[in-house]
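Taking it in order: structure first as structure tokens, then the write-up.
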Amino acid sequence: MNIHEYQGKEILRKYGVSVPNGKVAFTPDEAVKASEELESSVYVVKAQIHAGGRGKAGGVKIAKTKDEVKGFAEELLGKTLVTHQTGPEGREIKRLLIEEGCDIQKEYYVGLVLDRATSRIVLMASEEGGTEIEEVAEKTPEKIVKVVIDPAIGLQGYQAREVAFKINIPTKLVGQAVKFMTSLYNAFIEKDCSIAEINPLVVTGDGKVMALDAKLNFDSNALYRQKDILEYRDLDEEDPKEIEASKYDLSYISLDGNIGCMVNGAGLAMSTMDIIKHYGGDPANFLDVGGGATAEKVTEAFKIILSDQNVKGIFVNIFGGIMKCDVIAEGVVEATKQVGLTLPLVVRLEGTNVELGKKILSDSGLNITSAESMADGAEKIVSLVK
């Protein structure tokens, strides 16, 4: 689950991470009131959306007066902001963070991520802050410092000090930087984060180490024990199809292609997307119906897939282990009738009751193309949507 920058800073502040004073605003009048309460000579007006690249896209403004704050708020609120992470459709700005300005001397990058190769949390840092860390990794990878953290003992002070020196934090501020990194790590662990990214971390003119921006993502599977984090959820920032899918315990992620996929099992779903790409197609989604799908669940899955206007065909790829192929076949037939499906539909079934499942499909009288293998199914659906 993602949250807004201002929410992330609220969390970090509780852990002792230094952040600028700021207030959220939903209207221009609230923005002005926030600036009055901050009493700063310079204000930063920041669009709050779940995407990076806001500054380059015009979503971050510097105001020197309260009138400018109001003007920027009127300009940004209700505007659709398009960044490299939003896609061409962009995101509507519905809230702003009004912050006091900072006298920035130097920008750095500090982040905590889960490294799947080592199954450990990794602290990453760079003196090249304020830019996309992916760009730094591509152009100057030697400027990224990485520390693998032992989960049994956590981030140690000596590790944080080593990182601070390697990214050239001023010597007199190393102590602050160590406290910053260890506090960030504590927040990461205790709040079940999957990403905690500070870009930039800044050194200010008055000698402070501060998080100028904050991106926190959380493990959705841990939200049952993070009730306070769940309250930060902003459904306006989420894909309506993904929200609908969650109501039926379906794992759905929207993609940019035109071939809808309905599969059971995350591994098979990823393999299905790969093989569609192999045959020259583009998957429109990741959709895992799980191991206990009912006819109702399959019908809802079809409706969600078809709510994507880009979908030109559907590939159903099911391996019946716990789930029986005849149950899936009945669900596919019922769903096809309910939604009045006119798009090409290819179904590949394998496993428990596979012959019965295939018979149900063939006896339905519907325009359903049967596939003998995953490769056969992928090749057929790619051909049908061209």
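Using N, Cα and C of the backbone, Cβ positions are placed for all residues, glycine too.
The structure displayed is predicted, hence computed values, not measured ones.
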Handout entry: Residue from N258, N264, N367 that Swiss-Prot also lists as binding substrate with G321, I322, M323
Key = N264
Exercise for the section: Measuring Cα to Cα, tell me the gap between E107 (ATP binding site) and N199 (Mg(2+) binding site) in whole angstrom. Expected result: 8
Exercise for the section: Sorry to bug you, but what's the C-alpha spacing from D213 (Mg(2+) binding site) to E99 (ATP binding site), rounded to the closest Å? Expected result: 11
Completion exercise
For the domain 'ATP-grasp' (9-244), the averaged pLDDT of the predicted model is 94
Problem - Cα-to-Cα gap, M323 (substrate binding site) vs G53 (ATP binding site), nearest whole Å - result: 43
